[in-house]
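Per TrEMBL, domain 'Shikimate dehydrogenase substrate binding N-terminal' is recorded for 12-94. Residues or ranges marked as shikimate binding site by TrEMBL: THR20, LEU21, SER22, THR67, ASN92, ASP107, TYR229, GLN256. Per TrEMBL, the feature active site, proton acceptor maps to LYS71. Residues annotated as NADP(+) binding site in TrEMBL: GLU83, GLY131, ALA132, GLY133, GLY134, ALA135, ASN155, ARG156, THR157, TYR158, SER159, ARG160, VAL227, GLY249. The domain 'Quinate/shikimate 5-dehydrogenase/glutamyl-tRNA reductase' annotation in TrEMBL covers 121-202. Taken from TrEMBL, the feature domain 'SDH C-terminal' applies to 249-279.
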Amino acid sequence: MKITGKTKIVGIFGFPVSHTLSPLIQNVAFQEAGLDFVYVPFQVKSSDLRKATEAIRVFDIVGVNVTIPHKEGIIDYLDEISEEVKLIGAVNTVVNKGGKLVGYNTDWMGFLESLREDGVSLKEKKAFLIGAGGAALSLGFALVKEGVKTLFLTNRTYSRAENLARKLKEIKGDETEIKVVEFEKKEKLASEGIDILINATSLGMKEKDPPLIDLTGFPPSLYVYDVIYNRETELLKEAKKLGMRCQGGLGMLIYQGASAFWLWTGKKAPIEKMKAVARDYLGV
Ligand SMILES: NC(=O)c1ccc[n+]([C@@H]2O[C@H](COP(=O)([O-])OP(=O)(O)OC[C@H]3O[C@@H](n4cnc5c(N)ncnc54)[C@H](OP(=O)(O)O)[C@@H]3O)[C@@H](O)[C@H]2O)c1
């Protein structure tokens with residue numbers, strides 16, 4: 001990589017930030033696209049977030065990705081946010097438009113694009129979303145936006161699932177039927193004719209994590225989606241064993257990055273190259 005006086009800078013704000021795959025993926029994408037950009041990790045403490053955001057303007061940085069724990073907090077320091085961010089309440093991409101900082105959320109786009117690539121449509125479907133953190137909120141938004149007929153929600157902490165249901169109802173009114181289910185009773189949904197089941201929790205990231213749910217009673221037509229991208233989870237292994245179609249979180253990661261790439265450069269990202277480098281790095 002050749003850095004010159006003309007090289008444009010983008011990066012990521014997070015704390016910690018050392019685990020992120022985005023610098024690897026984005027730098028390969030810039031190189032492949034022949035763009036004189038460099039993507040760097042910025043470890044930013046919450047107490048420094050205002051100053052760090054101001055520095056985007058000071059250093060004429062093209063934009064940044066934003067990860068845990070700043071996705072919500074950074075909104076206060078931006079000049080404008082997209083319509084989706086107004087609904088989701090979380091930013092993962094900032095674009096510096098001549099000194100005006102605009103916040104976007106591309107996580108939900110990444111999820112939808114990865115499903116489209118696999119030929120999965122959500123319209124009028126029955127979906128089961130497990131989790132109620134940041135990822136679940138973006139995915140829940142995508143699910144109601146795409147017009148799922150019924151959305152079942154569950155979470156280890158029940159009250160957080162109820163909060164998520166309330167938020168999603170505010171976004172989509174009554175068009176999607178939203179039902180909260182107790183975590184301990186999640187296997188009972190096997191007979192509900194669910195089309196797609198999604199893990200939006202962090203369970204499965206670690207080698208010794210137990211399976212999230214027993215899939216044996218669910219129909220083989222079930223599509224299983226897991227946001228975890230660093231390994232093949234027990235959930236995906238079980239789905240494959242039962243002959244169910246499924247995918248892990250790598251597609252979502254790549255496509256949210258590709259949308260950010262497009263927002264910063266106006267160019268289409270080299271998806272296959274990004275996927276290949278991420279797979280190679282993760283050994284998946
Ligand atoms: N593929 C992608 O592009 C992508 C994008 C964003 C995030 N992710 C992944 O999504 C996962 C969740 O991220 P997040 O930002 O939503 O995190 P978060 O806000 O911290 O939420 C974590 C969620 O996981 C649940 N959870 C944690 N440990 C659990 C356990 N042992 N059993 C059952 N549920 C458990 C939590 O339940 P409680 O509420 O009960 O604590 C909560 O719902 C992470 O692994 C992250 O890497 C992937």
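From the backbone N, Cα and C atoms, a Cβ is placed for every residue, glycine too.
Bear in mind that TrEMBL entries carry predicted annotations, made automatically and left uncurated.
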Three-state composition of the domain 'Shikimate dehydrogenase substrate binding N-terminal' (12-94), taking helix and strand from DSSP: 36 helix, 18 strand, 29 coil
Lowest local Cβ density (other Cβ within 10 Å) among binding-site residues: GLU83, ASP107: GLU83
Arithmetic mean of per-residue pLDDT over the domain 'Quinate/shikimate 5-dehydrogenase/glutamyl-tRNA reductase' (121-202): 95
Listed binding-site residues with Cβ under 6 Å from ligand 1, out of THR67, GLU83, GLY134: GLY134
The domain 'SDH C-terminal' (249-279): DSSP-derived helix, strand, coil residue counts: 25 helix, 0 strand, 6 coil
ASN155 (NADP(+) binding site) to ASP107 (shikimate binding site) - Cα separation in whole Å: 20
Candidates LYS71, GLU83, ALA132, SER159, VAL227 (recorded positions) with Cα within 10 Å of ASN92 (shikimate binding site): LYS71
Cα-Cα distance linking GLU83 (NADP(+) binding site) and LEU21 (shikimate binding site), given in Å to the nearest integer: 27
For ASP107 (shikimate binding site), the three-state class that DSSP assigns: helix
Count of other CB atoms lying within 10 Å of the CB belonging to THR67 (shikimate binding site): 20
Least surrounded among the binding-site residues, given as THR20, SER22, SER159, when other CB atoms within 10 Å are counted: SER159
Any further residue of that chain within 8 Å (Cβ to the Cβ centroid of THR20, LEU21, SER22, THR67, ASN92, ASP107, TYR229, GLN256) of the recorded shikimate site: ILE12, ASN65, LEU253, GLY257
Binding-site residues listed as LEU21, ALA132, VAL227, least Cβ neighbours within 10 Å: LEU21
